[in-house]
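Asker: Before anything else, here's the structure in question.
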Amino acid sequence: MDEINPSNLIAVAVAMVIAAGIPALLPRLPLPAVVLEIVLGAVVGPQVLGLVHPGARLNFLADFLGLGMLFLMAGFETDPKVLRGRPIRNALFGWAMTAVIAFGAAMLLNMLGLASAPLYTGLALTTTTIGTLLPMLRDSGLLAPPYGPMVLAAGAIGEVGPVIALSLIQAKDRAPEQALIMIVFAALAAGAVVLAQRASRSSFEGIVTRTMTTSSQLPVRLAMCALILLGVLSEQLQIEVVVGAFIAGALTRAALERQHDEAMKARLDGAGSAFLIPIFFVTSGVRLDVASLVSSPIALTMAAVYALLMLVARGAPALLLYGADLSLRQRVGLALHSGTQLPLVVAITAIAVRHGAMSSAQGAVLVGGGILSTILFPQLAKLFLEAEPAPQPVKARGRWAFWV
């Protein structure tokens with residue numbers, strides 16, 4: 001493994017601070033930190049200023065710890081309380097519709113010669129980034145019923161569904177015994193999550209309560225240990241690290257009593273959102289094929305096309321399935337929030353490019369579409385939802401009524 005280049009670390013650290021500082025200094029600027037991290041990574045990268053040239057150590061920080069922490073947070077944020085009842089039924093049915101639309105669109109683009117790797121391309125179009133949206137939803141008071149449970153369930157499935165689909169996509173290219181290993185690993189992990197939720201936790205609860213606020217931070221260390229253990233195990237079994245990381249997050253949440261969720265999330269945010277996850281996004285910007293994205297009108301057009309497909313794939317189910325639960329404006333808002341996709345798009349394209357399944361040029365175009373979705377869709381959703389007269393469900397003409 002190569003030696004760490006000090007200039008790499010300094011440039012990445014400064015980019016991380018600037019990306020967090022701009023929204024803090026300019027709160028009215030509709031640019032989430034994740035967008036700025038990718039853009040600033042591209043600026044300090046080899047294609048612009050040339051301050052950062054990623055080597056093996058930086059790639060390890062980004063692809064194992066940073067990307068792993070992103071999916072650990074996604075697993076931890078998958079709240080079992082929202083995975084029940086009508087919201088989850090709508091979310092599951094909606095994601096199935098999304099998958100049909102997304103993979104169909106990707107296959108069509110592939111036949112037209114406009115995209116390769118249709119499975120990874122389609123998968124990137126099926127995501128929702130609830131972690132990026134949560135602060136905006138919370139600040140706008142949109143987490144209350146009826147809208148809150150619906151958007152939280154849609155967001156949760158928009159993270160869980162792609163992780164499962166990613167495992168299936170990779171399993172199809174493996175030998176039968178490797179695919180069987182992946183299936184057994186997933187089944188054992190699901191069983192472990194269920195057991196952790198149902199197990200007697202009286203002794204462990206006391207330890208968590210005593211150490212949550214002390215310098216030892218035992219619960220956080222256990223979560224980091226689970227991330228590393230399951231990440232390494234995933235690599236040894238030739239399973240993508242993000243699968244093990246997601247399971248580590250789900251196990252962490254399942255092992256804790258509900259009263260610790262917010263405190264634990266704050267501490268994971270401190271390690272993840274302040275340090276490890278920004279390293280992944282800045283490094284992704286460093287590796288972004290900027291030249292292919294900005295030098296071709298076709299590439300820029302395709303970025304806009306991908307943003308539109310993200311909205312259609314995730315938004316159409318919101319309009320079609322929620323007529324009995326939400327007003328038209330709320331359904332439009334849900335469609336726009338569901339179509340906000342950047343972080344997981346970056347993760348999926350990084351995996352596809354690393355495995356040689358997707359060109360760096362197409363990966364850059366997909367990330368460009370994700371950037372557009374993250375800049376535009378939450379702001380448009382805000383306009384629609386601010387004009388909503390009252391947060392009450394409406395009686396529509398039926399499950400499929402989207403014109404009322």
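Cβ from N, Cα, C; glycine included.
Okay, these came from TrEMBL:
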{"type": "TRANSMEM", "residues": "6-26", "note": "transmembrane segment"}
{"type": "DOMAIN", "residues": "17-379", "note": "domain 'Cation/H+ exchanger transmembrane'"}
{"type": "TRANSMEM", "residues": "33-52", "note": "transmembrane segment"}
{"type": "TRANSMEM", "residues": "58-76", "note": "transmembrane segment"}
{"type": "TRANSMEM", "residues": "88-111", "note": "transmembrane segment"}
{"type": "TRANSMEM", "residues": "117-137", "note": "transmembrane segment"}
{"type": "TRANSMEM", "residues": "149-168", "note": "transmembrane segment"}
{"type": "TRANSMEM", "residues": "180-197", "note": "transmembrane segment"}
{"type": "TRANSMEM", "residues": "268-286", "note": "transmembrane segment"}
{"type": "TRANSMEM", "residues": "298-322", "note": "transmembrane segment"}
{"type": "TRANSMEM", "residues": "334-353", "note": "transmembrane segment"}
{"type": "TRANSMEM", "residues": "365-385", "note": "transmembrane segment"}
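Help me see these features in their spatial surroundings.
Answerer: Residues 1, 4, 8-9, 12, 52, 131, 159, 163, 223, 226-227, 231, 241-253, 264-265, 268-269, 271-273, 276-284, 343-344, 347, 350, 354 of the same chain sit 6 or more residues outside the transmembrane segment (58-76) yet have a Cβ under 8 Å from a Cβ within it.
Beyond the ends of the transmembrane segment (88-111), by six or more residues, the same chain brings 82, 118-119, 121-123, 125-126, 150, 153-154, 156-158, 161, 165, 309, 312-314, 316-318, 320-322, 325, 338 to within a C-beta distance below 8 angstroms of the stretch.
Nonlocal intrachain contacts for the transmembrane segment (117-137), taken as residues 6+ away from its ends with a CB within less than 8 angstroms of a stretch CB, comprise 32, 34, 73-74, 77, 95, 98-99, 101-107, 109-110, 143, 148, 151-152, 154-159, 161-162, 165-166, 169, 306, 309-310, 313-314, 337-345, 348-349, 351-352, 357-358, 362, 366, 370, 374, 378, 382.
If one looks beyond the transmembrane segment (149-168) by at least 6 residues along the same chain, the residues whose Cβ comes under 8 Å of a Cβ in the stretch are 71, 74, 77-79, 82-83, 85, 87-88, 90-92, 94-95, 98-99, 123, 126-130, 133, 137, 142-143, 182, 186, 239-240, 242-243, 246, 314, 318, 322, 325-326, 334, 337-338, 344, 348, 351.
Same-chain neighbours of the transmembrane segment (268-286): 12, 15-16, 19-20, 33-34, 37-46, 52, 54, 58-59, 61-63, 65-70, 72-73, 76, 220, 223-224, 343, 346-347, 350, 367, counting only residues six or more beyond its ends whose CB sits under 8 Å from a CB of the stretch.
Remote same-chain partners of the transmembrane segment (298-322), defined as residues 6 or more beyond its termini with a Cβ less than 8 Å from a stretch Cβ, comprise 90, 93-95, 97-98, 101-102, 105, 114-115, 125-128, 150, 154, 158, 292, 330-332, 334-336, 338-339, 341, 345, 361, 364-366, 368-373, 376-377, 399-400, 402.
Through the fold, the transmembrane segment (334-353) approaches residues 32, 34-35, 38, 63, 67, 70-71, 74, 94, 117, 120, 123-125, 127-129, 131-133, 137, 147, 150-151, 154-155, 158-159, 162, 166, 240, 242, 280-281, 284, 287, 310-319, 322, 326, 359-360, 362-363, 366-367, 369-371, 373-374, 377-378, 380-381, 384 of its own chain, all at least 6 residues removed from its boundaries and within a Cβ separation under 8 Å.
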Asker: If we skip the immediate neighbours and take only residues 6+ beyond the ends of the transmembrane segment (33-52), which ones have a Cβ under 8 Å from one of its Cβ atoms?
Answerer: 7-8, 11-12, 14-16, 18-20, 22-23, 58, 132, 278, 281-291, 342-343, 346, 367, 371, 374-375
